[in-house]
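Per Swiss-Prot, the features are as follows:
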- 15-35: transmembrane segment (TRANSMEM)
- 49-69: transmembrane segment (TRANSMEM)
- 95-115: transmembrane segment (TRANSMEM)
- 136-156: transmembrane segment (TRANSMEM)
- 168-188: transmembrane segment (TRANSMEM)
- 194-214: transmembrane segment (TRANSMEM)
- 240-260: transmembrane segment (TRANSMEM)
- 277-297: transmembrane segment (TRANSMEM)
- 314-334: transmembrane segment (TRANSMEM)
- 355-375: transmembrane segment (TRANSMEM)
- 384-404: transmembrane segment (TRANSMEM)
- 411-431: transmembrane segment (TRANSMEM)
Amino acid sequence: MKAYDFTQGNVLKQLVLFSMPIMLGNALQVSFQFIDSLWIGNLLGAKALGAAAVSSTIVLTVLSFILGLNNATLTILSQQKGKDDIKGMASYINAFVVLLTGLSIGFGAAGFFLSELLLRLLKTPESMIPLAETYLQIQFIGILFLFGYNFISTVLRALGDSKTPLRFIAFAVVLNTVLAPLFISVFRMGIAGAAYSTILSQGIAFLYGLFYVIKHKLVPFSIPRMPKWEESALILKLGIPAGLQMMVITGGMMAIMSVVNSYGDHVVSGFGAVQRLDSIITLPAMAAGTAVNSMAGQNIGIGNEKRVGTIARLGVIAVISCMLVIAVMIWVFGKYLIRLFISEPDAVAFGEQYLKWIAFFYPFIGVNFVLNGIVRAAGAMLQVLVLNLISFWVLRYPFTALFSAWLGQKGIGLGIGMSFLFSSCAAFLYYRYGRWKAMKLFTEK
């Protein structure tokens, strides 16, 4: 597969061609979770689905920290790729492998033995705990596969290859789609079968990916050895704030749910439906953010500030154009999209109302993803953490509470939409006037 050298060539063409496989990969990740829920809900019932959902929340919280380390991977390796420092790339990849293996063992063991305690801390209904504990313990047994599966994709994207990871993700989705009903119903393993199907699919995809990249020499892997202290320190320096960003987002959404929950079942159901749509609507923006991170990282690595500016400018134009088209589609077809998930009239009415309020604010969240991706490429992870704190806790939650208190349930969409607008303004101000351009991850020898 082709790996892009983002330090030369047509920026817009590279942005589109590189981000499309990332968007498809993210869509497949969403479908992985959707298909899993579909089989569990239909074959095992609502209680099993609830148990799996609670367990998945815990696993995703742990994964969010690891995704932070993956963002550090993307930034560090993109800059090394830009400098064409193969030895440096190999050394940092080794450090990531050692850290991820250690964290996998630590998180896996702790999660396995603390599963019941974690579920009780989340106030899981007593009737669900046995099912949830079974599902969660199996997930923690296979957490190395989950980490590794995401890690290989991130490394390849950092090196300019977004197509090869799509192969592994698609393989895992197809495998899970086949294995889940087989393990649940044919082998009569129940919810344990669903969990084993997930980790087996991810495990085989991880091993397939590892074999593929080694065979085709796509990544400079080596026999693992103890990394240098400065390498581990840099990874953690960037990775911990990036991991906390994900937790800030999760916590912010939980706070917003407290506002939504106060309006009754029909609003909660309608909001749940629009959140499912939201995970699809924002796929292009997320893909653009990941793409510009890799593209800008390579150019920051060689000090090409002018091209970084071009990437930012064209990235913003492209994402606004794309999200405006999506906004029009949401405005016109929102009611029908909501009905894919729910049929209760009051819930559908709220969902349609929400989408009409928020539709034309979506381009601003695209701007946010792109500009944060640019500054993240320079290693400004702590600064992006602060921007996310502003976005979710200074803007989104207060605006949602304020506008809903003023306008009732229709104020929820307006409040969240206004937070998109002001968050993008904050991101632009830091991009324009912040000191991220002066950051240096590596000292010249």
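Cβ coordinates come from backbone N, Cα and C, glycine included.
Small disclaimer: the values here were computed from a predicted structure and weren't measured.
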Interface present between the transmembrane segment (240-260) and the transmembrane segment (384-404) (three or more C-beta pairs under 8 A): yes
Stretch among 49-69, 136-156, 240-260, 411-431 sharing the most Cβ pairs under 8 Å with the transmembrane segment (95-115): 136-156
Interface-richest range of 15-35, 168-188, 194-214, 277-297 toward the transmembrane segment (136-156), CB pairs under 8 Å: 194-214
Highest-contact recorded stretch vs the transmembrane segment (240-260), from 49-69, 168-188, 355-375, CB pairs under 8 Å: 49-69
Best-contacting stretch, by C-beta pairs under 8 Å, relative to the transmembrane segment (15-35) and drawn from 49-69, 168-188, 194-214, 277-297, 355-375: 277-297
Feature contact check the transmembrane segment (49-69) with the transmembrane segment (355-375), CB under 8 Å, 3 or more pairs: no
Distant-in-sequence neighbours of the transmembrane segment (49-69), which means Cβ under 8 A and at least six residues beyond its ends: 33, 36-37, 40-41, 96, 99-100, 103, 107, 111, 118-119, 122, 124-125, 128-129, 131-132, 135-136, 139-140, 143, 146-147, 150, 191, 194, 235, 239-247, 250, 381
